[in-house]
Number of protein chains: 2
Amino acid sequence: MASLNILMAQMNTLVGDFDGNTKRVIKIVQSAIDTHDQPVVVFPELTLSGYPPEDLLLRPSIELRVDQSLELLCSQLPEAAWVVIGYPKREGGELYNAAGVIHGGKLVAEYHKQCLPNYQVFDEKRYFVSGSAPCVLDIQGVQVALSICEDIWEKHPTADAAEAGAEILLNLNSSPYHRGKRGERWEMVAERARQAAFPIVYVNQVGGQDELVFDGGSFAVTADGTVAAAAPSFEEGEYWLQYDNENKNQPFSGQAVNAPMNEMAATWQALVLGVRDYVNKNGFKGVVLGLSGGIDSALTLAVAVEALGPERVEAIMMPFRYTSQMSVDDAAEQSKTQGVTHKVISIENIYASFMASLEEEFAGTTPDTTEENLQARCRGVLLMSISNKKGVLVLTTGNKSEMAVGYSTLYGDMAGGFDVLKDVPKTLVFELCRYRNTLGPCIPQRVIDRPPSAELAPDQKDEDSLPPYDILDQILEMYVERDMSAEAIIDHGFDREQVQRVLRLVDINEYKRRQAPIGVRITRRGFGRDRRYPITSGWRIGL
Amino acid sequence: MASLNILMAQMNTLVGDFDGNTKRVIKIVQSAIDTHDQPVVVFPELTLSGYPPEDLLLRPSIELRVDQSLELLCSQLPEAAWVVIGYPKREGGELYNAAGVIHGGKLVAEYHKQCLPNYQVFDEKRYFVSGSAPCVLDIQGVQVALSICEDIWEKHPTADAAEAGAEILLNLNSSPYHRGKRGERWEMVAERARQAAFPIVYVNQVGGQDELVFDGGSFAVTADGTVAAAAPSFEEGEYWLQYDNENKNQPFSGQAVNAPMNEMAATWQALVLGVRDYVNKNGFKGVVLGLSGGIDSALTLAVAVEALGPERVEAIMMPFRYTSQMSVDDAAEQSKTQGVTHKVISIENIYASFMASLEEEFAGTTPDTTEENLQARCRGVLLMSISNKKGVLVLTTGNKSEMAVGYSTLYGDMAGGFDVLKDVPKTLVFELCRYRNTLGPCIPQRVIDRPPSAELAPDQKDEDSLPPYDILDQILEMYVERDMSAEAIIDHGFDREQVQRVLRLVDINEYKRRQAPIGVRITRRGFGRDRRYPITSGWRIGL
């Protein structure tokens, strides 16, 4: 009989911070050996560089930095531990996405990732070449194989490991969250385990990195595909598994199966973690946002307070002649409920001074969206001034539906460093508000119930110029996330003219999205690295 | 003896415009057959979709659109012509970057690109799979091979074509300009011709597409590597070659060798074409820009006038208390010289109204860069208002040195749709101004001679907070374009503290660049698709 003490080190790494990440690895392993003999400590993909390091991988000093980290690990890690870490490895002029095992002060095995994702947000073929062989090593009498992330989504790396005699596979991941992803992972890994007839331990990183949020949720499946252990999602931590290779049916003990979060809670947690890590990893003191009395800024405020605490959040209401009293009141009420600093700064005088200065330029013209954009830009400049003066980040509040159709003002409500709801469709904004209010009082009910309005013109409603959001979001999901054509969407029962108008709006607003702040990706296709469209384009919908 | 009438169709395509591009192909071929028997008309890479189509390639209707275009071409092209075009081709579930030959109403041959660039600005592995075989066909007794762009930069595709019996190779390109690129192409293609011992015809597209400018400059080399024909750069047009396969030393006649432009003229043309195509392909009536009296906006104005004519350009001087009379006068003088509409709008009142509204927020603080940014943002909002009202594009004026170190204001001087000088280092801005003035009076000499200043504070000079530009630009070129480490740059004789400060500024300003407008890429590495850095990063210079 052979058994292993396996630790799933669900770590929150920082991209580019070789020193910091290396020290964290050492600390985690030192704690592990205090409680368990000869632990096998498994870290996420590209532990030392963080993920995704992007073009930092093109810098020549990457090699030196990795070598220094590995040397430090070899000299400082407890010799009895088996430590499985990920790092970029240059060999023979090529760069590999590697996983190595350190034991007894030496690197005793190394694996090179075979399947390199180069789709969606991933660009791994820009940097890496593929490995071509399995890696199986003997750890205390157990034949242990390694693989990395995407390797588990194709068949051959796991099959080859089985062929090479593996009894168990350790899979290192930096797998970003999107809605439904956890279920997809469990299913895929279970299928691979059954095919290979061995158990698999899936270790994922946790944390926000620019537009990505890694959700953790590390887990282990048995050879029959049963999930035998699952760590929490969205929490950093270390989770023990006792593995016994004689007990084929129940090889794992020690770690409970954390029931999967419902998707609404997971989405909420993803937004919170995304904001917290962006603000903290970038060293901001706190955040400021424009609180309009509308639902988007209400939810943004709620997420910010959960992420950072009320003392690091400032809400500014910037009324104008079209702002309703209801908006002013509701904004004040939520700020009070949440305990954040609340200020009111009117934009009347600023707006008036712009219009006076533009009098000659605008002579003979009639009001149009220019004046609406101007209101938004007065607000944007105010927020940026506060940001500059106080060293706080401006959170923007645009949702995915608005980003899609360009219902937003560049340098106005789009001015800021991080757009919390960038990948949240408006209908989901409503659901998240309702979800948040189940956790305790937060967003005034009236904010959720009233018809959405940008309040940039008298009695304006979003639905005056856009289809109802439940229709709009369905069309957008089909076009943006599922690449369906206009005809295919119309075939689903939507109005031809409406579909064509929405798709056209999506197409012509690429220029706005290109200058938009980044935000948390929570769907299968967010705007950002995920969707790379030309601005200049003669593409016409209709096929 | 066999001879061919080859037409290099140096076409300016529009990305996504299958209908328009297809019609242009038909028109060009119809003109060709009016003057030459059985012409072989060679178009650039991905003629029908334009290049780069980016994620439009993921849309399912691509297949249908290509099929419709090919059908139209087969039915409408003159049957006697041999037409070589590029298009994305789906086959067996995979997408290829293809080149096809249409003759006699049929597609008679098809080649699949073998080498897919996935570096710098290129993402071809995101979309395409590699072909694996040469394509050689008999055209009027001549064995003609096809290849596509990157194929010519590696050895095997040309060698395989030679092995398969080719007598001449037609290479279809969408090769973007950068400084020095033309010489690199000539050298590489000459080397391939000598290796294969056959002549090569290199056809490149021309035109601006977002941040890329394709410079044309199609050419032909003989088997001994001599450039026997070269079309002009930066001009759309059709260029004939008479090819005679019996005359091994001088197989080509008919097309002169246009001497390579000097690099300063080429850079100027690249900027002009980049602006012209961005404005026209996106349907803007014209442009507006802030003319400050400084050298960056002076050069931007000069490029805009060359690209669009003075009647489509409006220059706005927006003085403040720190604006010198010299700036006001010089801006007015250049506007007059160039014949553009010139307006003066003070930002004093607007600035004052912002400061008054922020009084409570700023209580107890001292002036810092916040107030400087505010000036820039007052100007940005004014320009955007004019843009909105008149349907003109705001050109921004930031140069590459500023973009690199973050010496610019988000939503201020960075507010606009296209940054003409985004990839032009400050020292090159000076050289381009001097070059432009050799073509005729344009930029006041004083603008070139005075020390650069943002005029955002009293007696401010750029060199108060930045190293002298000739030093700065050398450090930036080594770090940004050549990926050199801090130590390697210091070894070149630069001051350690200065190098570390500059590199740190580059690193921490990624967030600004991420929201910057696009601009013309003219160097080996521009900011944009070319350089993909994380915003959140623990990377520390020093190795």
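Each Cβ is built from the backbone N, Cα and C atoms, and glycine gets one as well.
Unlike curated records, TrEMBL annotations are generated automatically.
These features come from TrEMBL:
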ACT_SITE  A:E45  active site, proton acceptor
ACT_SITE  A:K113  active site, for glutaminase activity
ACT_SITE  A:C149  active site, nucleophile
BINDING   A:Y119, A:S175, A:K181  L-glutamine binding site
BINDING   A:G290, A:L291, A:S292, A:G293, A:G294, A:I295, A:D296, A:S297, A:T397  ATP binding site
BINDING   A:N373, A:E402, A:K512  deamido-NAD(+) binding site
DOMAIN    A:4-245  domain 'CN hydrolase'
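Sequence features annotated in TrEMBL and their locations in the structure.
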| residue | record | DSSP class |
| --- | --- | --- |
| A:E45 | active site, proton acceptor | coil |
| A:K113 | active site, for glutaminase activity | coil |
| A:Y119 | L-glutamine binding site | coil |
| A:C149 | active site, nucleophile | helix |
| A:S175 | L-glutamine binding site | coil |
| A:K181 | L-glutamine binding site | helix |
| A:G290 | ATP binding site | strand |
| A:T397 | ATP binding site | coil |
| A:K512 | deamido-NAD(+) binding site | helix |
Cα separation, A:K512 (deamido-NAD(+) binding site) to the residue listed as 'active site, proton acceptor' (Å, whole number):
34
With a radius of 8 angstroms around the mean position of the C-beta atoms of A:N373, A:E402, A:K512, what other residues of the same chain does the deamido-NAD(+) site pick up?
A:A376, A:G398, A:G406, A:Y407, A:S408, A:T409, A:L410, A:G412, A:D413, A:M414, A:N509
Starting from the Cβ of A:Y119 (L-glutamine binding site), draw a 10 Å sphere and report how many other Cβ atoms land inside it.
13
In Å, how large is the greatest distance between any two Cα atoms among A:G290, A:L291, A:S292, A:G293, A:G294, A:I295, A:D296, A:S297, A:T397, the listed binders of ATP?
12
Let me know how many other Cβ atoms fall within 10 Å of the Cβ of the residue listed as 'active site, proton acceptor'.
29
Checking interface proximity: list the binding-site residues among A:Y119, A:G294, A:N373, A:K512 whose CB sits under 8 Å from a chain B CB, in sequence order.
A:Y119, A:N373
Nearest of the recorded positions to A:D296 (ATP binding site) by CA-CA distance, picking from A:K113, A:N373, A:E402, A:K512?
A:E402
Count the other Cβ atoms sitting within 10 Å of the Cβ of A:S175 (L-glutamine binding site), across every protein chain shown.
27
Cβ contacts of A:S292 (ATP binding site) (under 8 Å, same chain, 6 or more positions away):
A:M317, A:M318, A:T323, A:S327, A:A331, A:T397, A:E455
Which chain neighbours of the L-glutamine site, leaving out A:Y119, A:S175, A:K181, have a Cβ atom within 8 Å of the mean position of the site's Cβ atoms?
A:P117, A:Q120, A:F122, A:P176, A:H178
For A:K181 (L-glutamine binding site), the one of A:C149, A:G290, A:G294, A:K512 that lies nearest, given that the recorded positions are compared by Cα:
A:C149
For A:G290 (ATP binding site), the one of A:K113, A:Y119, A:C149, A:E402 that lies nearest, given that the recorded positions are compared by Cα:
A:E402
Have a look around A:K512 (deamido-NAD(+) binding site) and count the other CB atoms within 10 A of its CB, chains all included.
21
Tally every other Cβ atom lying within 10 Å of the Cβ atom of A:C149 (active site, nucleophile).
26
At a 10 Å cut-off from the C-beta of A:T397 (ATP binding site), count the other C-beta atoms across all protein chains.
27
Distant-in-sequence Cβ neighbours of A:G294 (ATP binding site), under 8 Å, six or more positions away:
A:S327, A:V447, A:P452, A:S453, A:A454, A:E455
Residues within 8 Å of the A:G290, A:L291, A:S292, A:G293, A:G294, A:I295, A:D296, A:S297, A:T397 Cβ centre (excluding the ATP site residues themselves):
A:A298, A:T300, A:L301, A:A331
Can you name the residues of this chain that are 6 or more positions from A:E402 (deamido-NAD(+) binding site) yet have a C-beta less than 8 Å from its C-beta?
A:D296, A:S408, A:K426
Using C-alpha positions only, work out which of the recorded positions A:K113, A:Y119, A:C149, A:S175 is nearest to A:N373 (deamido-NAD(+) binding site).
A:Y119
